[in-house]
Amino acid sequence: MLDPWGCTWMLPALLSPPDAEKTPGYWNKGARRRLELALALQPAAQRAKNIILFMGDGMGLSTMSAARIYKGQLAGGSGEESVLAMETFPHMALAKTYTIDRQVPDSAGTGTAYLCGVKANAKTLGLSGAAVYGKCRTAFGNEVDSVLHRARLAGKSVGIVTTTRVQHASPGAAYAHSASRGWYADANMPEEALRDGCKDIAYQLVHNTDINVILGGGRMYMTPKWTPDPEYPEDRDQNGTRKDGRDLIAEWLSAKQGARYVWDKKGLDAVEDDSVSHLMGLFEPKDMRYELNRNTSTDPSIVEMTEKAVRILRKNPNGFFLFVEDE
């Protein structure tokens, strides 16, 4: 089956009647079919033009098992016999998730690993293991480039879609170099780090890599302190937080020809794909709401954000790279 973007997907087979599972032939036939498919598999001979990296933050084997069982039970089965779409892919693998200083990692260290290709220390972004968490000066000279940054240098369009704030650890590893994942805005940084010349993650989002599409949460880190939030103007806790007085949204818009900024679903839906080269959509002051709590009239879903991003990015004849995270 072809999806709207021309990708081929294998659909899982319908659930067999329970009685079929009681016969050895059912299992033998299934094993034979899977072996035949594996033996017939041929390596891809062409270089990929477009890359979409989907990341389920915290989605380990136990989460996948729970999702598989839940899907199967919704279909009326016991659950274990169900198959997730990702489990039908021709190639699958496991990856070790740890940082060089901890057995249990965080999203900053793992984001640096899968986006930049190097293991790093916990809570650091886009830096090698030579950088020390919270120590600004150790960042200089230890920056590592991400696949998003490399794709942009190669002439591809690039984008980020996340249900967290766009300055959060996972998306931040795609463009930022920070000794602390928590330095969202200058207001979140210690005075020593500011004096030493380190920049906050929101600043780096706008000034490091030319990112074509940025969709997620994180409005408050982009505007001056006390700036009312457009969605919650009466709630002071949602106001802008920047101490330097910079309006990073305005700076980003002025630096990009054909750029648009939106902050709600209505604005996103109104964006004409062919009329913009750059799109920034920040739909909450911090992280976006979980899907179960999402206001469907004001906040776009991750599916809607991803579809909009693809339609804009695919205009580039050189292809695109898109990072999509759901938490």
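Just so it is clear, glycine is given a Cβ too, placed from its N, Cα and C backbone atoms.
What TrEMBL records for this protein:
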ACT_SITE  S107  active site, phosphoserine intermediate
BINDING   D57  Zn(2+) binding site
BINDING   D57, H168, S170, E325  Mg(2+) binding site
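Proximity of E325 (Mg(2+) binding site) to non-local residues of its own chain (separation of 6 or more, Cβ distance below 8 Å) is seen for F54, M55, G56, D57, V161, T162, T163, T164, S170, P171, given in sequence order.
The two recorded residues, S107 (active site, phosphoserine intermediate) and H168 (Mg(2+) binding site), have Cα atoms 9 Å apart. Within 8 Å of the centroid of the Cβ atoms of D57, H168, S170, E325, where the record puts Mg(2+), the same chain has further Cβ atoms from M55, S107, G111, T162, T163, T164, A169, P171, D326, E327.
Counted over every protein chain shown, other Cβ atoms within 10 Å are most numerous around S170 among the recorded positions S107, S170.
Cβ neighbours within 10 Å of H168 (Mg(2+) binding site), excluding its own Cβ and spanning all shown chains: 26.
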